[in-house]
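J.: Copying in the features that Swiss-Prot gives for the protein in this structure:
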DOMAIN    5-69  domain 'J'
ZN_FING   141-223  zinc finger
REPEAT    154-161  repeat 'CXXCXGXG motif'
BINDING   Cys154, Cys157, Cys211, Cys214  Zn(2+) 1 binding site
REPEAT    171-178  repeat 'CXXCXGXG motif'
BINDING   Cys171, Cys174, Cys197, Cys200  Zn(2+) 2 binding site
REPEAT    197-204  repeat 'CXXCXGXG motif'
REPEAT    211-218  repeat 'CXXCXGXG motif'
Amino acid sequence: MAKRDYYEVLGVSKTSTEQEIKSAYRKLAKKYHPDMNKESGAEEKFKEVNEAASVLLDADKKAKYDQFGHAAFDGSSGFGGSGFGGFEDFFSNMGGGMDFGDIFSDLFGGGRSGRSSRRGPSKGQDIGLEATLTFKELVFGVNKKTILNLVKTCTKCDGVGAENPSDVHICTKCNGAGQIIVNKQMGPFQVQNQVTCDKCNGVGKEFKSKCKNCHGKGVESKREEVEIPLPKGLWPGQQFVMRGKGHASLEGGIPGDLYITIGIVKSDVFELIPNSNDLIMNYNISYLDAILGNEVIIKTLDGPVRLKIPKGVYSGQLIKVHDKGLYKNQTSDKRGDLLIKISISIPTSVSKEEKKILKELEQLSNFEPKNIID
C-alpha cells in the first residue's frame with residue numbers, strides 16, 4: 001500500500017512554518033494516541049502521524065523529502081535510507097526544544113518523567129469575594145467585615161496531622177517524594193511518567209496515630225470574621241488581593257489568597273466615566289438659577305461646595321470642580337475632577353403671584369423665536 005504524502009498526513013503545506021507543523025502534529029498525536037483513542041485504526045494513524053512529523057520537523061530529512069518524496073528513505077535515491085529512529089529518538093532530535101513531555105504531559109496529568117525532584121507543598125486554595133461599594137467608599141476607601149468559612153491549620157496538632165510529631169513517618173511507597181513513577185504503554189512504546197503518590201496523596205508522610213481533631217489532614221474548618229481594608233483608588237471590576245488570607249494548605253504550604261472584586265452600588269446622582277478619574281454628579285437647579293446665574297451650595301462626596309452657576313446655563317452642561325473626582329491610584333494623592341452635570345427643573349405649575357410676575361417679565365422680554373419654516 002502506497003504511503004500517503006506526509007504533508008497530507010499532518011494537514012499542512014510545504015510552505016507551513018516549523019511551528020505550524022509542530023502545532024498540527026500535537027493535535028493529531030493527541031487525537032490518535034492509543035491511550036486516548038480506542039477506535040480501530042487509531043494506532044496505525046498514530047504511527048503514520050509520528051512518521052510524517054519525524055521527517056517534516058527535521059530540516060535535512062524535509063529537504064530530501066521535498067526533492068525525492070518517499071524514495072529519499074527507501075534506498076533508491078542515492079542518499080541511502082537513514083530510516084526512522086526510535087520514538088524517543090524522534091522527540092529528542094526535533095528542533096525548538098520540543099519533546100515528549102511537552103506534548104503528552106497533559107494526557108496523564110503528570111510532569112516530565114524523571115526530570116523533576118519532589119515538588120514543594122502546594123499552596124492553599126484562593127477565595128474570591130465581591131465587595132459592593134458606595135461611591136463614597138469607592139473614592140475614599142473603607143474597611144469591610146465579612147464571615148468566611150475557612151480551612152485553617154489544625155489548632156491541636158499545628159498542622160502535623162498526628163497526635164505526636166514522632167508518629168509521623170516517611171511514606172514507604174514514594175520514600176517521601178510525594179510522587180511515584182508509573183509506566184504507560186503508548187502503542188509499541190513504554191513511557192515513564194511522574195504522578196502524585198496514591199498512598200500519601202503527595203504529602204510524602206504516613207501517620208502512626210492520626211490527630212483526633214483533624215483526622216490526619218492537618219487542617220480544620222472554621223468560621224472566621226475577616227476585616228478587609230479596601231484602599232482608595234480602586235475601580236469597579238478591579239481585584240484587590242490579600243495575600244495569605246485564603247484557605248490553609250493541605251500539605252503544609254503557604255495559605256491561599258483572598259481576592260476581592262470591586263462592585264459599585266447604582267446611583268442616580270453619580271456616574272463613572274470609562275477610563276477616566278473624573279466623576280459626574282447630576283445636579284438639578286431651578287430655571288431662576290439658570291437665568292440669574294446664582295451661587296448654590298452642593299453636597300459632594302467631600303462635603304458642601306460653593307458652585308457659581310453661569311448665566312444662561314443649559315441642561316446637560318458640565319461645570320468642573322477641580323480635584324474632587326477619583327484618586328489616580330491607591331498610593332497617589334492626585335485626583336480627577338468632579339463634573340457637575342446640570343439639569344434645569346421647569347415647574348409644571350406656578351402660583352398666581354408667580355404667574356403675574358412671569359407675565360410682567362414676558363412683556364419686558366425682547367425674545368422673538370425664529371420661524372423655522374422661513
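Placement of Cβ uses the backbone N, Cα and C atoms for every residue, glycine included.
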J.: Other than Cys171, Cys174, Cys197, Cys200 themselves, what residues in this chain have Cβ atoms within 8 Å of the centroid of the Zn(2+) 2 site's Cβ atoms?
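T.: My list of surrounding residues reads Thr172, Lys173, Asn175, Gly176, Ala177, Gly178, Gln179, Ile180, Asp198, Lys199, Asn201, Gly202, Val203, Gly204, Lys205, Glu206.
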J.: Around the Zn(2+) 1 site formed by Cys154, Cys157, Cys211, Cys214, list the extra residues of the same chain whose Cβ is within 8 Å of the site's Cβ centroid.
T.: Thr155, Lys156, Asp158, Gly159, Val160, Gly161, Ala162, Lys210, Lys212, Asn213, His215, Gly216, Lys217, Gly218, Val219, Glu220
J.: Measure the Cβ-based neighbour count of Cys174 (Zn(2+) 2 binding site), defined as the other Cβ atoms within 10 Å of its Cβ.
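T.: 21, counting other Cβ atoms within 10 Å of Cys174 (Zn(2+) 2 binding site).
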J.: For Cys157 (Zn(2+) 1 binding site), list the number of other Cβ atoms lying within 10 Å of its Cβ atom.
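T.: I count 25 other Cβ atoms within 10 Å of it.
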J.: Counting distance between Cα atoms, which of the binding-site residues Cys154, Cys157, Cys211 is nearest Cys200 (Zn(2+) 2 binding site)?
T.: Cys211
J.: Over the span of the repeat 'CXXCXGXG motif' (197-204), how high is the average pLDDT in this prediction?
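T.: Averaging the confidence scores along the repeat 'CXXCXGXG motif' (197-204) gives 80.
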J.: Give me the CA-CA distance between Cys197 (Zn(2+) 2 binding site) and Cys157 (Zn(2+) 1 binding site), in Å, as a whole number.
T.: 23
J.: What same-chain residues, at least 6 away in sequence, bring their CB to under 8 Å of the CB of Cys154 (Zn(2+) 1 binding site)?
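T.: Expected: Val160, Gly161, Cys211, Asn213, Cys214, Lys217, Gly218, Val219, Glu220.
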J.: How many Å lie between the Cα of Cys171 (Zn(2+) 2 binding site) and the Cα of Cys157 (Zn(2+) 1 binding site)?
T.: 19
J.: Using DSSP, what is the helix/strand/coil residue split across the zinc finger (141-223)?
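T.: Across the zinc finger (141-223), DSSP assigns the residues as follows: 3 helix, 41 strand, 39 coil.
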